[in-house]
Each structure stands twice: as structure tokens, then as C-alpha cells.
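Enquirer: Before anything else, here's the structure in question.
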Amino acid sequence: MSNFNFDFAENDFGPLAAKMRPTSLEQYFGQSHLIGEGKPLRKAIQAGHIYSMIFWGPPGTGKTTLAEIIAQRINAEVERISAVTSGIKEIREAIDRAKQNRLADRKTILFVDEVHRFNKSQQDAFLPHIEDGTVIFIGATTENPSFELNNALLSRARVYVLKSLTTAEIEQVLQQAVEDPKRGLGKERLILEENLLQVLAEYVNGDARLALNCLELMVDMADETENGKKIDRTLLKEVLGERQARFDKQGDRFYDLISALHKSVRGSAPDAALYWYARILTAGGDPLYVARRLLAIASEDVGNADPRAMQVALAAWDCFSRVGAYEGERAIAQAIIYLSVAPKSNAVYTAFNTAKQQAKDLPDYDVPPHLRNAPTNLMKELGYGTEYRYAHDEPNAYAAGENYFPPELKDTQYYFPTNRGMEIQIKEKLERLREQDKSAVKKRYK
């Protein structure tokens, strides 16, 4: 068994972050949106009704700790697998132990750290054992599960998003570590400069583990004086080095930057869009994530006002893949500028959403006979394809008066092109075709 509940409180050699690891929900800092009083996950943990789940969040937000607390709460055996160092062999061994636990009427939590690093076949290896209840699967990932995990695995697990801890929460974690005489630094004679813990908490961007590691390093490096160990900002700067960008790929700051980029492009502000793109890159963001977002923008915010926008966005993505980051980042910048100055239309976005909603809400109307496929004589005898008008045989390849909706929806219109860009011509053409329909002698529906 690969149980990961170690009592570092009794081990002077354990790292501070491990010693201070919470063992109950009451000791746990952060994630009040998930485990605050009355929240569904907290109720499930307290009731012992645990199901498979994925914890998605930045480093140091308590994913592993929460899994440990859950395991302790339901008195389950824990099999821990790291996707960085494990493969199919380790997965099979863990499953075999879980099967033995099941024979002994013991639950097993299979905790998979960095689960996004497993490939499709490795992820698939968990499915039958989740399905038959051999294990309760808990995966931890710093990457977006929608992109990194198989749909089959996602459908069998509830995804919970863990947020970066706030500065105040990190400061509480640090204060507890300073004061706790058993697990923390309470026995040390520390002389802390005023507001030092707050400065450290602001630096680590919501990563509690990093905060505790930095605190421990400062204590180790501090000189012993007559009154104790003095820890000031000079020592803090020495430990921290150059301040890093306040950025977290999976946290709110990341999505705030992406949102700012998207809104700048939508608002036809190329300079602002370039600024936010540069901020994302400087902070370590993935340029290909931006490239994917540009494809969505090309469809959602430009649409048929400039159909070339999609081609430009796709070409930028392709360029990045072919030439690498240095040149590829500039190609993405070019696409950002193009999309920013392109005429804007959300007519496609609105039309598609309306069509999807009606398809969901309205009855499943039959396909009219003239639109049905008729590959066999029987189908032809049943009237399939009867009176279908082949557009290419009609004047200007348009069957005036024909209708391709069920009769119940004959006058429906989803797509309303704007008066911008290419949609000006599209709108004019559709208006001409509708006038032909109105004046047509041969109409499908009266």
C-alpha cells in the first residue's frame, strides 16, 4: 500500500510545509467555495459519501491535503500514484492492492497526482475500476481537465476547481507556522520585522507550500543573535530573489489576462490586445492557449464579417508549430492585430446558439419527405425525396419558393447578418433571395 499519511509533526527532519499539513477540515485554509459550512463537498465529506473527483488548481492550493483529509474521514486505504514517475505497471499494482482491500471490506482511494501527464491509454486503465467501485478515484491537476483529460474519465468524476489562496489566507498559514510549538516554529526565538509575513504572502501568489518553504529557508539562513533569530526584508529579498510576475496559469489572474485580451480584440483595440498578450507571455503563459482563443474569437466576434479571420488565426497557430516560439509568438501577435482591426459581427454566434436552443426545446419534427434520402425503391415508393428540386437545375442555382424547414418552422430565421464587412453583401444576397421566394409561383408551403 502506498499510504501517504506521514506524521511529520513527530519528525524533526520533515519539511515545514509537510509538518504543517492540515489533518482536518477545521485546520484547512482556503477553498471556502468548496468546503465552507453548508457547501455540498463539505457535507459529502462529513457524511462519508465520497465519489470520484478531480481537483484542478494551481500549485500549493491544497489538492493533496484535501485528498488526505477525505481518506482519513472515511477511513480508507490510500494508493498514491504520481504520473511523473509511474506507468501502467504501477497502476496495475495499485489496483491489485485495491482489490485485496475490497475483499477485506475496506475502501481504497486512488490518488493520482499530476494526472494530466498520463496519456490516453494510461487514463483509460482507471475506468473499469472506477466503474465497478474498486477504487474511489481522486486526481490532482494543474492543467485544464477539459483539454488534458479523456472525456471518459471526466464523465466518471466530478471536477472541483481550487483557487489560489488569498494573501490573507497565506498570512494565516504563515502565522500559524510561526506560533505552533509542536508542528511549526513556535519553539524558535524569531524576531520578525513588522509586516514581513504579509510581504511574503503577497509574493507567493496563493501558493501556501511555497510560502512555508520560503519561511523555513529564512529561519535556516538567519543569524542567531542574543535575542533570537532576526528575520527582516533584507533576508527575505535574499531568499526570494527577483520578483516573479504575478501570474498563475490556472488561477483567476490567468483568466483575467485572457479575458482582457479577448475583450480588447473584440473592442477593436489592437494596442491594448498586444499589451495583454505580452503580459501573458512575460508571465509564462502558453502561446498556444492564446492561439486557440483567437480561433474562438474569429468565429464568435468576427464571424462572416471577415471570414478570412479564421484562416489568419489558424495560420498563426500553424506557424507557431512549424517555426517554434520565437518566431511563432510574433505570428500570433500578427493574428491578434488582424482580428482586432477586422469588422466585427456576432451574428453567427447568436444564430447558432438560437438554433441549438430551439433544437433542444422544440419537438423533434419529422424531416419533410422532399428532403429525405431515398437510396432504395421502397423508400422511393414511400415518397422519400418526392418533388425535391435540385438547385443546380434551377435559374441561378436557386429554387425560388422552396423551403428546407419542417412546415412548423417554415418562416424561421436565425441568421441576421450585420451591416459590417462581408456581411453587407451576405445580407443583400439573402434579401434578394427572400424577395424571389415571395414572388415565386411554386411555393413549398402556402
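Numbers run from 1 along the shown chain.
Backbone N, Cα and C atoms are what each Cβ position is placed from, and that goes for glycine too.
Features from Swiss-Prot:
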type    : residues                               : note
BINDING : G57, P58, P59, G60, T61, G62, K63, T64 : ATP binding site
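Provide an account of the burial state, proximal residues and distances for the features listed.
Expert: There are 18 other Cβ atoms within 10 Å of the Cβ belonging to T64 (ATP binding site).
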Enquirer: Taking the center of the Cβ atoms of G57, P58, P59, G60, T61, G62, K63, T64 at the recorded ATP site, which other residues in this chain have a Cβ no more than 8 Å from that point?
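Expert: Residues close to the ATP site, other than G57, P58, P59, G60, T61, G62, K63, T64: F55, A140, T142, L162, D207, A208, R209.
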Enquirer: Just checking, which of G57, P58, P59, G62 (binding-site residues) has the fewest C-beta atoms within 10 Å of its C-beta?
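Expert: Selected from the binding-site residues G57, P58, P59, G62 on minimum Cβ neighbours within 10 Å: P59.
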Enquirer: Restricting to the chain of T61 (ATP binding site) and a gap of 6 or more, list residues whose Cβ falls under 8 Å of its Cβ, or answer none.
Expert: G30, Q31, L162, K163, S164, L165, G206, D207, A208
Enquirer: Within 10 Å of the Cβ of K63 (ATP binding site), how many other Cβ atoms are there?
Expert: 24
